[in-house]
Amino acid sequence: MSILQLDNLSKRYGGTTALRGLSLQVEAGSVYGLLGPNGSGKTTTLGLALGVLRADGGEVRWFGQPISSQSKRRVGALLETPNFFPYLSARQNLLLAADVKRAAPATVDAALDLAGLTARQHDAFRGFSLGMKQRLALASTLLGSPDVLVLDEPTNGLDPQGIAEVRELIQRLAAQGKTIIIASHLLDEIEKVCTHVAVLQRGELRAAGPVSSILAATDRVLLRLDADIAPATLLHALGQLPWVTEVRPETGGGHSAVLAPGHTPAELNRALFASGVVLAGLEMRQRSLEAQFLELTK
Amino acid sequence: MLRAELRKILPYRTVWVILLLYVLLLAGFVAVGGSVTVNGQQFGDTLYAFPALWSRLAYVASYFNLLLGILLIILITDEFQFRTFRQQVIDGRSVAGLVQGKLAVSGLLALYGVLAVLGVGLFFGFTRSPDTVGRAAETVGAVLLYGVQALGYLAVAALVGFLLRKSGLAFLAFLLYAWILEPLLRLTTPDDIDRYFPVKIFDSLTPTPGQELLNTVTGPSSALLPTEAAPLALVYIALFWALSYLVLRNRDL
């Protein structure tokens, strides 16, 4: 089932187009990463999806229905910054959020525990560090045990240990079957936790799909020859294969190339052997999401 | 909904300070009123005699509506500043729900104003003019009309808060409109039209004490009678809250 469907969404701020005809679909149970450089439209996309920004065109559907108070209560979301009343304590803020979400006030204790703020629950929010504020906001998104979590830069302000904790939390929640939509510019984080990814640039969708397919599309094959075989022999043999492209020397020795979809490294090995080229080494080099991201947003 | 609003308000020190200030200023003003001398004669305890006390008090309290209005502006613009309107919409509240929450708060503030006037009136009536207390119920309706007036000023304050979002700007616009802009507009507008201006309508609910006497000197006032102004005031109040909703609905949060 489609949890979230964005259809041809557009948004302008004055003369600037922040989002241009964006269509996306998030399936149940996926961990969906929204990637893009600063100003690419990630937060605008989430703001439109969460109903706090007015779209200039297009449609948002949650659980197959137009957005409503009922659909929103099935979604826990953190957008941009932790938004709380500074003069209220952590506990008072969560009790208020629980009221709005119609979650049982008893769930506040578990949320405070999860945020590691039980000891400081009666302190005013204004006195918290950025990391504590972020943890409180994350805990607030979990009130009422929503089916879906929308997290905009959830590791902002957290130390390395906090970042690891958030990653574990996301993985644990995903394992429980929750759908998670996460916007980040931290590619490493996305690569570690996401099943699907969409890449935005200047308000347009550049690529979307399962992380494996986005990455696999440009995996490179690294080919190494024995020292006594001239590289020209390899280059000549590769030149005969129309499904091998982007051949280039590698800095550590050997050459790398990209195979057209549907062709495997074994097939390449067989074809080269048939041409009389014996490889000393052949390995798939999976491209990092970072490299792929930079390629897509060039 | 009201519970959520109370969770925001009750621990907020600013709210208590302004509410306390309101009642202290009102009581203080009324307390010194008796010692005011006009034409060599002190008002004395006759000022606190029922049934005229209620309309006098309502008139005095009308000046402190601005305090209640400023408090509501703080409560509304805070939510823009803290981005808590945005978070509440994310968490499942509708835009109509946000406006209804503040409407409920304005109702509470007006109720507080009415209770404060009643409390101050009963205190001074009992202590300074106890022999007239038997007539206290005769004109207590003036306090209810004051309550409608407070709701009116609060509706203007809410609209300004929702429209401008920033507290400083909203205070300025609220005070300028109520004290300067509308009075200036009224000066350039014929009397039979200007009495229908919103602040004029609200002010008509608590007429100046002794207005009848003034009328004999300056000619009849163009203002509506309080009972004529009350239904129009309620229409303005509904209109301002509806406009607040439209402003919030058609903007990004």
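Every residue, even glycine, has its Cβ placed from backbone N, Cα and C.
Unlike curated entries, TrEMBL annotations are predicted automatically.
Look at TrEMBL and you will find B:12-37 (among others) tagged as transmembrane segment.
Same-chain residues lying 6 or more positions outside the transmembrane segment (B:57-76) and placing a CB less than 8 Å from one of its CB atoms are 8-9, 14-15, 18-19, 21-22, 25-26, 29-30, 33, 102, 105-106, 109-110, 112-113, 116-117, 120-121, 142-143, 145-146, 149-150, 153-154, 156-158, 160-162, 167, 170-171, 174-175, 178, 203, 205-209. For B:57-76 (among others), the entry in TrEMBL reads transmembrane segment.
Taken from TrEMBL, the feature transmembrane segment applies to B:103-124 (among others).
Remote same-chain residues near the transmembrane segment (B:144-164) are listed as 57-58, 61-62, 65-66, 68-70, 72-73, 75-77, 99, 102-103, 106-107, 109-111, 113-114, 117, 170, 173-174, 177-178, 198-199, 201-203, 205-206, 226, 230, 233-234, 236-237, 240-241, 243-244, 247-248 (criterion: CB distance under 8 Å, separation of at least six residues from the stretch ends). According to TrEMBL, the feature transmembrane segment maps to B:144-164 (among others).
If you look up TrEMBL, you'll see B:169-188 (among others) marked as transmembrane segment. Outside the transmembrane segment (B:169-188), and at least 6 residues removed from its termini, the chain residues within Cβ reach (under 8 Å) are 66, 69-70, 73, 76-77, 153, 156-157, 160-161, 163, 194, 197-200.
The feature transmembrane segment is assigned by TrEMBL to B:229-248 (among others).
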Quiz item: In terms of Cβ proximity under 8 Å, which residues at least six beyond the ends of the transmembrane segment (B:12-37) contact it?
Solution: 43-45, 47-48, 57, 60-61, 64, 67-68, 70-71, 74-75, 112-113, 116-117, 119-120, 123-124, 128
